[in-house]
């Protein structure tokens, strides 16, 4: 049953991506949400409304948790089919760069990570997969990345965690070969999935993590809260996604 | 006369890029230079040797300053035609990411920034231009970026400057809309040229800065040492490349 849903959702996210790339070069409205660096555009809202409507057709009876709040509000349980939707991840990049943003969807079934989709929009590269069935980039099957250690790898850590010295993370950056910041959970998650980064550490809301978690776990990567616990699907978490080796190296530094 | 040189160098850098993208997927040797995060590969060396040989044919009598040292060593004056060559910028990204690296060439004539070339290798996008003749991305003329302020813009600051709190730069990052780190001067310079970033601040060696400076100055961007002086072409400098407005905003914070 999820095979049919999967095929329909791949088509949906590709269609939404083409709409997004077209809308990027047309006039749209930008508003501040919580702060001058937390933006929402009419494109985020249009995408979310369209995605949520289509998901209700593709997967009748599902419940939806989506960033801008058009889906089911106040989800308190994970029973049944729950879709978690980020209609544009990296809105600031979308507005200022016209690059380095993504669209993310995930299906959790009775709380189990089941289907995940991350679209690298400008490159038209869809990272998608399902539990037990592997991860693909468009049509090509992905190999699990090599479990490189922290010292030889590049890490992405979000800037507030570095600038406020949270959990000794500047020392993690120092111990790595290099520190990267792309400003989009989608792009940074893709970095770890593809082996370009050995770790990504950030404070992530449900829609920032849900899809990446499905894909990362399927590739044998570690996904956990920085304190070692399993992230809660419906809350914000300070999360690490990493190779096994880098995860162990980082735990020695963050304590 | 520089028109003929320019056409030949565009062809040269495109050819070298195709060689580089081909070599990236073949076996090559990686060695550490000063440190585990300062790498050089046989591809860097092959590129540099080829570029230097071709420049001597394209621009007879020129002198060459190139990263891996095959060009003229110990250049102490800038008289005549001096080419400054970075055969692969972002070698760590080349090795670990197969993305986010560049090739950079610049011609300085009697010390004057004259021709500049930055190849965004994987995207096959060549940023090139000459003093007084504009800047192009492949065949398309670039408009000067809007002089956006720091508060509404994204900045790239290299990680050692943030992690060691040099010149109050973490406060610059805090004052911006967001901090980005791509790990390649070529990619970060392109960010400012294209308006995706309002500023880039890093400790740059001659081959990291030479090409970007030609293009940035031609687009009316500010290029200066963080202390306000003009960068020395033959030395390393702590450099700011920014919009006029962002440069003023940053100066208030760095003092």
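Glycine is no exception: its Cβ is also placed from the backbone N, Cα and C atoms.
Annotation comment: TrEMBL describes A:67, A:86, A:88, A:89, A:208 as Mg(2+) binding site.
The structure, with features from TrEMBL marked on it.
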| residue | record | Cβ contacts under 8 Å, 6 or more apart |
| --- | --- | --- |
| A:67 | Mg(2+) binding site | A:44, A:48, A:85, A:86, A:87, A:205, A:207 |
| A:88 | Mg(2+) binding site | A:20, A:41, A:43, A:44, A:47, A:94, A:101, A:102, A:103 |
| A:89 | Mg(2+) binding site | A:101, A:102, A:103, A:104, A:184, A:185, A:186, A:207, A:208 |
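The binding-site residues examined here are A:86, A:208; by Cβ neighbour count within 10 Å, the least packed of them is A:208. The Cβ centroid of A:67, A:86, A:88, A:89, A:208 marks the Mg(2+) site; residues of that chain outside this set whose Cβ lies within 8 Å of it are A:85, A:87, A:90, A:91, A:102, A:103, A:104, A:185, A:186, A:207, given in sequence order.
In three-state terms derived from DSSP, residue A:86 (Mg(2+) binding site) belongs to an extended strand segment.
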